[in-house]
Ligand SMILES: O=C(O)COP(=O)(O)O
Ligand SMILES: [Mg+2]
């Protein structure tokens, strides 16, 4: 299926641009160990990413995606995790194959490019910087910039308004059901990558407009004689 050529592309961070789980899992587990608790398999942590680092840590503390630790434990864990993750945002995290080629291809479309993530800004900007792609984005909307984050459409609509681009001329690229829900509610097209996290569930179940195995496949989905800048 062909998609309308966008004037704005917004790209998710964890699970889409960057395989960040190796650092997130190491930091979460080191936090648990320092609290005298048992660490988890990296595969478990992978299922807990996507709703912000605080939520990831809460899930790790109780070993349950829907669970919540008691507030005293949470309050002890958060500063330990924040200090570790600030130190290790990009120690083990890597860009996925095809990301840089995909960003190059988007630049040739002449569209505006932003990053919309649920990760807090204090970790988002250093991660993008350390992996050498911060300069690719004209706008970064982190998880703590607005009162609501994905699956709310707010961060996507904020970016569209920032660039004065209509939602129907905008495309979100993400890896999780939050990206699909946010894009649908905002009136964006939605392309998903097959390799991301999505809480362990195949993203095709969310029925995005298209699914790609690599970011450099996205540009070929766009009709080149419609829209554009
Ligand atoms: O859960 C997070 O911290 C970030 O997740 P996202 O980049 O996939 O929105
Ligand atoms: Mg993601």
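Cβ coordinates come from backbone N, Cα and C, glycine included.
All annotation found in TrEMBL is predicted automatically rather than curated by experts.
Since we're looking at a predicted model, the values are computed, not measured.
Summarising the annotation, TrEMBL assigns active site, nucleophile to 12. There are 28 other CB atoms within 10 A of the CB of residue 12 (active site, nucleophile), with all protein chains counted.
Under the heading Mg(2+) binding site, TrEMBL lists 12, 14, 175. Listed in sequence order, the residues of the same chain lying 6 or more apart from residue 14 (Mg(2+) binding site) and placing their CB within less than 8 Å of its CB are 20, 21, 24, 49, 50, 117, 118, 119, 175, 196, 197. DSSP assigns residue 14 (Mg(2+) binding site) to a strand segment in the three-state reduction.
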